[in-house]
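> The topological domain 'Mitochondrial intermembrane' feature in Swiss-Prot is assigned to 1-14, 88-227; the stated evidence is experimental evidence. Annotated transmembrane segment per Swiss-Prot: 15-45, 60-87, in sequence order. What Swiss-Prot records for 46-59 is topological domain 'Mitochondrial matrix', and it gives experimental evidence as the kind of evidence. Swiss-Prot lists Cys196, Glu198, Cys200, His204 with the feature Cu cation A2 binding site, giving experimental evidence as the kind of evidence. For Cys196, Cys200, Met207, the entry in Swiss-Prot reads Cu cation A1 binding site. The Mg(2+) binding site annotation in Swiss-Prot covers Glu198. Here Swiss-Prot flags Tyr218 as phosphotyrosine, drawing on similarity to another entry.
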Amino acid sequence: MAYPMQLGFQDATSPIMEELLHFHDHTLMIVFLISSLVLYIISLMLTTKLTHTSTMDAQEVETIWTILPAIILIMIALPSLRILYMMDEINNPSLTVKTMGHQWYWSYEYTDYEDLSFDSYMIPTSELKPGELRLLEVDNRVVLPMEMTVRMLISSEDVLPSWAVPSLGLKTDAIPGRLNQTTLMSTRPGLFYGQCSEICGSNHSFMPIVLELVPLKYFEKWSASML
C-alpha cells in the first residue's frame, strides 16, 4: 500500500502490475534519452557560433528525424499493446465476483455461491480503531484466494464510479446498464487498498475498497462462515 511521502508506485502484487511497472520504466528511459538529446542540441545552438547560411536542405538529417521517431513510437506501442491484450485476456477464472457501485458504497456478490453477498461501507473516522487508516477502512472486506484467477464483473446502479486497486494494476469503470469485467491474481497474501477513481458525486472520496487476499484454505473457511 502507499505510505507518506511516497515518490514511486505501490509495490506490485500481481503479474499485470509487474508488467505495467516494467513498461513505465521502459518508457521513462526513452523519455530521458530524448530529453537529454534535445537539451544537448539546444546547448550546442546557444554556445556555437558556426552556422550554415548556404544550406537549403539536408536530406540525410530529414530522413533520420523521420525514421527515428517512427522507431521510437514502435518501441513504445508494441509492449503497450501486449499489456493491453494481457489485461483483457480471461482464461478459466476460478472465482467470479460481481461488484456494484452505489451512492456511496460498494456491494459484492460471489456468484459461484448460492447466497454470499454483502455491502461494503467506509468506516467513519470517529469509529476507527488504533492503527486503522482514515478514509480507507471498510466494514466488510472482499476476501479472495491468492494465486488464483478471479474475474470481477463491475457495474453500477446510479452514479459512475470506478473500481481501482493500484497495487494490483486494476481500474475499471462502473457504468449503469453495462457490465465491465477484469481479472486479478495476487502473488502474495495481504490487505490491498483502493478507492473510487472517478469523480462520481459528492461522496466520491468516501468509497474505499479493501481486498484481503488469503490462501485457499482460509478463503474456504471464510466463505463457509458467511453462508
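Keep in mind that glycine also has a Cβ here, set from the backbone N, Cα and C atoms.
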> Using an 8 Å cut-off from the Cβ centroid of Cys196, Cys200, Met207, can you name the remaining same-chain residues around the Cu cation A1 site, in sequence order?
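Going along the sequence, the neighbours come out as Gly101, Trp104, Val159, Pro161, Ser162, Gln195, Ser197, Glu198, Gly201, Asn203, His204, Ser205, Phe206.
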> Which residues of the same chain, at least 6 positions away in sequence, have a Cβ lying under 8 Å from the Cβ of Glu198 (Cu cation A2 binding site)?
Leu160, Pro161, Ser162, Asp173, His204
> Excluding the flanking five residues on each side, which residues at least 6 beyond the ends of the transmembrane segment (15-45) place their CB within less than 8 Å of a CB in that stretch?
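9, 72, 75-76, 79-80, 82-83, 86-87, 166-170, 184-185, 187.
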> Determine the most Cβ-crowded residue among the binding-site residues Cys196, Cys200, Met207, using a 10 Å radius around each Cβ and all protein chains in the structure.
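Per the Cβ count, the most surrounded site is Met207.
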> Tell me the Cα distance separating Cys200 (Cu cation A2 binding site) from Met207 (Cu cation A1 binding site), rounded to the nearest angstrom.
10
> Between Cys196 (Cu cation A2 binding site) and the residue listed as 'phosphotyrosine', how many Å separate their Cα atoms?
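The Cα atom of Cys196 (Cu cation A2 binding site) is 28 Å away from the Cα atom of the residue listed as 'phosphotyrosine'.
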